[in-house]
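**Q** Would you mind keeping the following structure in view while I ask a few things?
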Amino acid sequence: MMNRQKQCEKYRFTMLKALFLTMLTLALVKSQDTEETITYTQCTDGYEWDPVRQQCKDIDECDIVPDACKGGMKCVNHYGGYLCLPKTAQIIVNNEQPQQETPAAEGAGAAANAAATSSTGTGGVAATGVAASGVVPGGGFVASAAAEVQTGRNNFVTRRNPSDPQRIPINPSHRIQCATGYEQSEHNVCQDIDECTAGTHNCRADQVCINLRGSFACQCPPGYQKRGEQCVDVDECTIPPYCHQRCVNTPGSFYCQCNPGFQLAANNYTCVDINECDASNQCAQQCYNILGSFICQCNQGYELSSDRLNCEDIDECRTSSYLCQYQCVNEPGKFSCMCPQGYQVVRGRTCQDINECETTNECREDEMCWNYHGGFRCYPRNPCQDPYVLTSENRCVCPVSNAMCREIPQSIVYKYMSIRSDRSVPSDIFQIQATTIYANTINTFRIKSGNENGEFYLRQTSPVSAMLVLVKSLSGPREYIVDLEMVTVNSIGTFRTSSVLRLTIIVGPFSF
């Protein structure tokens, strides 16, 4: 019985030992499977994780960084970074065998730096650049990459590819720790936190948030400057010469204005003159552009109105009463002169009598035409009345054989004259003279008739002549018939005779 009990205990111990070994083997296999399926996606600067290839790949900064190189340089990408080289440089890629991987423990300190060296050779420049590498905060591994670029005499560039940037981490784990300002992404990499977008910044309301790698900065918006803790407006108008003429400051900015008569040029700074005569001519007649303005002028016969734009007709007839001899007629922009009937305009202003007797008249054949100032009259060609007979033109003689002729003048001569109205006085107007002179005779002259109002006076100027003088101003139209008699007697008084000059004086209606 005792032996059987011992055998049972021995069998039980053997089964437990076999079960323990089996479970230990399964645990080890499971542990190995777990280690092989863990994926680590943390890459160093200049690389990013490729989920397809399951390894880190280089970032082409020349493609994603705007204006990576300045000053006319061209961007050349290499593993883990990029270089700025002259545009004339030519690139020759020299693929070398991958270098031995550096253990993470040994490379943790060396990979935290980036180096660049340069040396000069004959006729050329050599430069070596090493891409940046770093240690991931909180991680258990380090990845680094390097590229070497050399430029020779002819600006040829040789680039050597680095070893595979992927590194096998030491003590891998599923979670990674990121530095302040970074967070873990869905691809298990540390990415920058955009505090400006997330709203986790502490910038004031009058400041602008600028995101930085791992941090942020608060700046004043354009047109403002920081004064203490506040952003105050920059008055650009106090810093000449922003504007050509007038500057208007606005919050955060400014704009330029021009004086009246000018307008802003395309550069929004310079003021150029506006040609108002071409753009919007407001002048009624003539427009003259001047710098910053314009002036209006009028044609002859017009003057500027009070608004300095329109033109008003000048009434020349009101400015002077001596423009025309008779009548002034105002017209738009000018004036004209008119003359009364019987006159015509001469030289634009004066009036000249029309001699109707030389042009057209209504006198009959037995009448003669006599022109006077402003008109004409018809008189009989034979003015003689009985007992007078016509002996010559305008001369009537009374025959001696006729007894009626003894008591009347021996002859009557008809004369006609015209004078202007309102003629100045005294004025000599007509001379009478004896046509036949007798020896030992005396001639006397008198006004026989037609001078009832005393308008005339006859002054003897010699023994055989006399002058008719106008002593009162006459106004026409009017006709005066004055008989001027010359009486001739001999020295002993035995002979006496007389003759009459019948003078018809026609006073015109005007003083011209």
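Keep in mind that glycine also has a Cβ here, set from the backbone N, Cα and C atoms.
Owing to the predicted nature of the structure, the values given are computational and were not obtained by experimental measurement.
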**Q** Pick from Cys231, Cys243, Cys247: which one does TrEMBL say forms the disulfide with Cys237?
**A** Cys247
**Q** Just to verify a number: CA distance, Cys237 (disulfide bond) to Cys287 (disulfide bond), in angstrom, no decimals.
**A** 36
**Q** When DSSP states are grouped into helix, strand and coil, how many residues of the domain 'EGF-like' (273-312) land in each?
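**A** Split by secondary structure, the domain 'EGF-like' (273-312) comes out as 4 helix, 16 strand, 20 coil.
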**Q** Over the domain 'EGF-like' (233-272), work out the mean pLDDT and round it to an integer.
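**A** Value for the domain 'EGF-like' (233-272), mean pLDDT as a whole number: 91.
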**Q** Relative to the Cβ of Cys287 (disulfide bond), which residues of the same chain, six or more apart in sequence, are found under 8 Å away?
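**A** The answer is Glu276, Cys277, Asn281, Phe294, Ile295, Cys296.
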**Q** For the domain 'EGF-like' (192-232), jot down how many residues DSSP puts in helix, in strand and in coil.
**A** 4 helix, 18 strand, 19 coil
**Q** Residues with Cβ closer than 8 Å to the Cβ of Cys247 (disulfide bond), same chain and 6+ apart in sequence?
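**A** Same-chain residues close to Cys247 (disulfide bond) (Cβ under 8 Å, separated by 6 or more) are Glu236, Cys237, Phe254, Tyr255, Cys256, Gln257.
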**Q** Give the residue counts of the domain 'EGF-like' (313-352) per reduced DSSP state, in the order helix, strand, coil.
**A** 4 helix, 18 strand, 18 coil
**Q** Among all the protein chains here, how many other CB atoms are within 10 A of the CB of Cys277 (disulfide bond)?
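**A** There are 17 such Cβ atoms around Cys277 (disulfide bond).
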